[in-house]
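Engineer: Handing you this structure, nothing more for now.
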Amino acid sequence: MYLKEGCSLLLKIQKPLMPFVLNSSPIINPREPNKQHLLHESDVLKQLKKERNLSSALQYFCAVANSNAFKHTASTYKLMIEKLGRECQMDVVQYILQQMKMDGVNCCEDLFVSIINSHKRAGSAEQALKMLYRIGEFGCKPTVKIYNHLLDALLTENRFQMINPVYINMKKDGLIPNVFTYNILLKALCKNDRVDAAHKLFVEMSSKGCPPDAVSYTTMVSSLCKAGKIDDARDLAGRFKSSVPVYNALIDGMCKEGRVEVAIKLLGEMMVNGVDPNVISYSCIINSLCESGNVESAFALLAQMFSRGCSANIQTFTPLIRGCFMRGGFYEALELWKLMIKDGYEPNVVAYNTLIHGLCNSGSLVEALQVCDQMERSGCLPNVTTYSTLIDGFAKAGDLVGASETWNRMISHGCCPNVVAYTCMVDVLCKNSMFDQANSIMEKMTLEGCTPNTVTFNTFIKGLCRNGRVEWAMKVLDRMQGHRCLPNITTYNELLDALFRTNKYVEAFGLFQEIEKGNLQPNLVTYNTILYGFSRAGMLGEALQLFCKVLVGGTTPDAITYNTMIHAYCKQGKVKTAVQLVERVRIMKEWHPDIITYTSLIWGACNWINIEEAITYLHKAMNQGICPNFATWNVLVRCFFDSLGHMGPIHILDDILGKRTFLLSWMVSSRPCDVYCKMNQQGNPPFVHYLLQVEILARGIVGIPSWRQQVRVLDFLHIRNQAMMEIQAISTRVKSWSQPAAKCSIHHFGI
């Protein structure tokens, strides 16, 4: 493509036409300087090296060039070009090269390599290729070193289609590739996902008199691991056991495959073979252990690392801090951070972001902002990830003010928001019911060139659905498809749930049919939502068909699936069928019934059978160690009250507290008071007994100050005596009320 037969000229590349103006005000008819005014090469080089300001250095270079005091040499040209190249001033480099050519100064190999590297730094590898076309103009011939640097520049920009023609041209120039050439070709093939071709070239290297080195092995081992060929990578690494980078590549591959135990064994193998693991070896395994939640082993490996005299770095501590936060070790993470700072480890932006993320997830937003301030003071500028994490933290807390202030801070610091930051702002606006503003944010991000993704649309749809704005949410779905942003199953799950909750059954079932006809695969959340819809609509037959489809289709039902079906059966009066389902699943150990299950059965028995049957289910739950909750007691007490009047709940206290020992629930709603108020307004003051029982049974307390603590197995005779005392005290207080309260608070009972 780029080659001309019979020569090494690269076709389809025109010579750049660059006017050269070295100095806008040249000296006209300069006076011949005296010998005392003559400059030496060492003087010019010294001045150029001394001058740190690029403009001043260039001005001095031009002044010297336009005087008769000194004629620039290859060394001075090289130094000036390198200075310009480091600042990616490639247009000026071309001007200097043109002047160099006019002065008849030949370009050496090192200078040409420097020019290629400057183009690489500037991201203009194609211009470097054009320079190779012109190399003869500057009195320089292509060398293996020049070709290697050009190939590397092309590889950096993933210009794979150019690499092979340049390599062929190199051989036509009569140049013999060396190990650096082959290593670049290996990297190019591997980056282009041509691992098999890379392995073939790797094998051929020795036959061409260029045996692979540590870089060759590291490249191949790393690429084989990425391709999932772990065993092949291990076999290959076994041939080159003296290199730490080769071992590190294999350890990294094992860790990414989740085979951290094998990685630890490799660490031991290194020591046996006399190869000392370095900080990369240890850090890679520590990171993998932390990601899998095995933080204790990670700390043990850190201790081993220190005992072997291997110093850690910030990349070692960052995953440990993240791991501490992941397992709830808030103070442990902060203590580790303090020790890290005290020992002189300077955090980078990744470490700061990890700490901020952990603080935000722990709800410590004030502390997270303080860390961000500290980050700025230390000279480590927050990036878009930092601000996105903070905004997300405020969004989860529903703090619109905090999120907005962080957003403005990000913009004022010249940091452009990404799709994550925009999505977090949409989330917090939706949580504050500011849907018009959320919609405006989405429109703005499109204008700013940041296209909303599926998560952004899902966040907006979720906010609309959970606020009953399902019609708008359906329009957003159409708009989403118009943006060529494909909805996923999460999108449809939110819409289905909202449609069912707003009794839009026709639209919901139509949307479900759309899912089934499309390419999306419904997940368990989808099926649970549809089952809920069928149950809500009283469509037990359809619910049963879908339930069977879930079982046959290989999807494993969860507690929500079974409880939804049990509730559907109970709702239709088929309580015995629901019980049969519970027993069958319990015997097969596919799922264990919970309090939601038994509450549904109790509700069904109360409504369709009798109270005695309901009490039977209550006893079954308690015998299995399942604690009744507020909903359970509410169902029972309402049933007893309807059947037996206000004395019904007293029988529950006598029967349950007097005969049973069980674990009590804790930290439940104080809504029993509302039920008391309702009954009290109906002229039933003695129903205060019901309130006390629910408070005792549902909150799981004897002494009110400890009501937030989980109660273990207690002496329930003592509880009963305490209950009677509380009943007497509260009854005395109730008698003093002259009128039934229109509103009631738990504070009326001293709680």
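Backbone N, Cα and C define each Cβ position, glycine as well.
From TrEMBL, for reference:
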REPEAT    178-212  repeat 'PPR'
REPEAT    243-277  repeat 'PPR'
REPEAT    278-312  repeat 'PPR'
REPEAT    313-347  repeat 'PPR'
REPEAT    348-382  repeat 'PPR'
REPEAT    383-417  repeat 'PPR'
REPEAT    418-452  repeat 'PPR'
REPEAT    453-487  repeat 'PPR'
REPEAT    488-522  repeat 'PPR'
REPEAT    523-557  repeat 'PPR'
REPEAT    558-588  repeat 'PPR'
REPEAT    594-628  repeat 'PPR'
Engineer: By a Cβ-Cβ criterion of under 8 Å, what residues six or more beyond either terminus of the repeat 'PPR' (278-312) are in contact with it?
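Structural biologist: Same-chain contacts beyond the ends: 244, 247-248, 251-252, 255-256, 258, 260, 263-264, 267, 270, 319-320, 322-324, 326-327, 329, 345.
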Engineer: Are there residues at least 6 beyond the ends of the repeat 'PPR' (383-417) whose Cβ is under 8 Å from a Cβ of it, and what are they?
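Structural biologist: Tertiary neighbours of the repeat 'PPR' (383-417) are 349, 352-353, 356-357, 359-361, 363, 365, 368-369, 372, 375, 424-425, 427-429, 431-432, 434, 445, 448, 450.
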Engineer: What average pLDDT does the predicted model assign to the repeat 'PPR' (243-277)?
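Structural biologist: Residues in the repeat 'PPR' (243-277) carry a mean pLDDT of 92 in this prediction.
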Engineer: Under DSSP, the repeat 'PPR' (453-487) has how many residues in helix, strand and coil?
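Structural biologist: Final tally across the stretch: 25 helix, 0 strand, 10 coil.
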Engineer: Within the same chain, where does the repeat 'PPR' (243-277) have neighbours whose Cβ lies under 8 angstroms from its own Cβ atoms, ignoring anything closer than 6 residues to its ends? I mean 6 or more beyond.
Structural biologist: 214-215, 217-218, 221-222, 224-226, 228, 230, 233-234, 237, 284-285, 287-289, 292, 294, 301, 305, 308, 310
Engineer: Is it possible to list how many residues within the repeat 'PPR' (348-382) are helical, extended or coil according to DSSP?
Structural biologist: 26 helix, 0 strand, 9 coil
